[in-house]
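The next block holds one structure in the form of structure tokens; read it before the comments.
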Ligand SMILES: Cc1cc2nc3c(=O)[nH]c(=O)nc-3n(C[C@H](O)[C@H](O)[C@H](O)COP(=O)(O)OP(=O)(O)OC[C@H]3O[C@@H](n4cnc5c(N)ncnc54)[C@H](O)[C@@H]3O)c2cc1C
Ligand SMILES: NC(=O)c1ccc[n+]([C@@H]2O[C@H](COP(=O)([O-])OP(=O)(O)OC[C@H]3O[C@@H](n4cnc5c(N)ncnc54)[C@H](O)[C@@H]3O)[C@@H](O)[C@H]2O)c1
């Protein structure tokens, strides 16, 4: 029962940490509350079920091909929660088996029970019937979060739900009020609007998703409205109460009352750390249950590390996995370079994704930037997949042409962002996209179209600047080329392609 590393929590952060340590030849134990919870919030109530449900909704409603095939898809009224959950159970079961198998193959010992600290190196595991003690030289806390549930909200799992309970809805409601327009609220709100549910989103802030590019969020809100979603922003909720069976009233401080059959209350999450008896380990979480740690995920107690949602931002499954691996490298003295910029993928309808700077940030920094845009309406693959409204926007430095930000909305946005991520992480410029040949017809073509658009804007800008500074240009056929691009033959027809 003595290990090199004991991991608490089997979500993405804990899993990857345990496997990484086992690969280094360490003796590793991982603790989860109950066997069926292996995989964590990510597998049972968070990422995987919500994304599987989204896929089921898009498939059953024919959302992607709605303009081409119209009513050939199932009428929305005939779709049931059971139909949506069918795939979810298959996917969860499969993932659960894969994780279990990985632990077994790598010799990671799994324990079940509630873990708490007896001392900085000693954990007590309580499965409700018996307790046992595990000792370890290093401990990694990856206990994640649970939904914030204010006392005055009458959660009942029938009409008023937190985001963990929401998947257990017994039927698709006719109307739904989402309190909290963060990532969870917007993802579920738009999913259910796609099913024809009348959705109202309430948020205390004036703008939604303020870490995203404003133009992309505006476009998302436009899509939401076209699905019938009402947005009530800058509104504080004073009370949520059941009027009668199947009708809930959300009272706003402004005096408005919004009625719905179902309320999803998703105003953030708090660290799942209160049962760990952290005091016995010499640790003290903040008032939202989160642990402070260094860039290497080391807490104030050097042999105890913390990763994943319990350390707060960015609270993503993707980042949690990498944090787990990085923590283990640091713990056992293995060099590990930092992972660089993190992409965000929001599985809204339509999906959005981003990496790097937004226009707002670049403007605040007074950075000289230009943008190039590709609209899916001009991309063959967009028409084939049925998305003519999405777009990809590239932000780049005016002088160095270095790629600074990638923002996408629409089909495959969460996939294509990684092309930009690779170029950005190698310090590349948008000339790469101008010169590269991509498979055709694919969404990757957006990069080339956006890069050419951006470079053309730059050429036009430089032209006008030359004009202002003494009329160096002027003939009808004259085309300005930024010096970085060198001399190239340009077609005279629009759009002007550079290179
Ligand atoms: C609805 C929803 C959708 C999401 N969608 C996405 C997405 O699309 N993409 C994305 O990247 N992220 C998404 N996330 C976030 C993602 O799920 C989390 O970032 C991720 O699960 C965090 O992983 P973790 O390692 O911190 O552990 P978690 O997945 O939070 O798991 C922690 C585990 O620790 C266990 N545990 C806690 N305390 C103890 C204890 N004392 N003893 C034993 N075990 C304990 C818990 O039972 C749990 O199983 C979503 C989250 C939610 C809620
Ligand atoms: N695709 C993804 O990557 C994905 C998907 C879902 C969740 N997640 C993760 O889960 C985390 C939690 O998501 P979340 O949506 O619960 O939290 P959040 O912190 O992202 O959003 C909470 C929202 O609720 C609003 N709010 C807070 N109190 C309010 C009140 N009383 N009335 C009205 N509005 C109020 C806030 O202004 C905020 O917009 C996210 O930070 C994210 O990292 C990621």
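Numbers run from 1 along the shown chain.
Including glycine, each Cβ sits where the backbone N, Cα and C put it.
Automated prediction, rather than curation, is the source of TrEMBL annotations.
As written in TrEMBL, here are the features:
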- 51, 309: FAD binding site (BINDING)
- 180, 181, 182, 183, 184, 185, 186, 187, 268: NAD(+) binding site (BINDING)
- 3-324: domain 'FAD/NAD(P)-binding' (DOMAIN)
- 342-450: domain 'Pyridine nucleotide-disulphide oxidoreductase dimerisation' (DOMAIN)
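The structure, with features from TrEMBL marked on it.
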residue : record              : DSSP class
51      : FAD binding site    : helix
180     : NAD(+) binding site : coil
186     : NAD(+) binding site : helix
268     : NAD(+) binding site : coil
309     : FAD binding site    : helix
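Within the group of binding-site residues (180, 182, 268), the Cβ with the highest number of other Cβ atoms inside 10 Å belongs to 180. Each residue in 178, 188, 189, 266 lies on the same chain as 180, 181, 182, 183, 184, 185, 186, 187, 268 and has a C-beta within 8 Å of the C-beta centroid of that NAD(+) site, without being one of the site residues. Separating the Cα atoms of residue 186 (NAD(+) binding site) and residue 51 (FAD binding site) is a whole-number distance of 13 Å. Under a cutoff of 8 A between CB atoms, and with a sequence separation of 6+ in the same chain, the neighbours of residue 309 (FAD binding site) are 11, 13, 41, 144, 145, 269, 271, 315, 320. The distance from the Cα of residue 51 (FAD binding site) to the Cα of residue 180 (NAD(+) binding site) comes to 19 Å. Ligand 2 lies under 6 Å from the Cβ of the following binding-site residues, listed in sequence order from 51, 182, 186, 309: 182. Taken together, the residues in the domain 'Pyridine nucleotide-disulphide oxidoreductase dimerisation' (342-450) have a mean pLDDT of 97 on the 0 to 100 scale. Counting residues per DSSP class in helix, strand and coil order gives 39 helix, 31 strand, 39 coil for the domain 'Pyridine nucleotide-disulphide oxidoreductase dimerisation' (342-450). Summary for the binding-site residues 184, 186: the Cβ-based neighbour count within 10 Å is maximal at 186.
Counting every protein chain shown, 19 other Cβ atoms lie within 10 Å of the Cβ of residue 51 (FAD binding site). Ligand 1 lies under 6 Å from the Cβ of the following binding-site residues, listed in sequence order from 180, 182, 184, 186, 268, 309: 184, 309.
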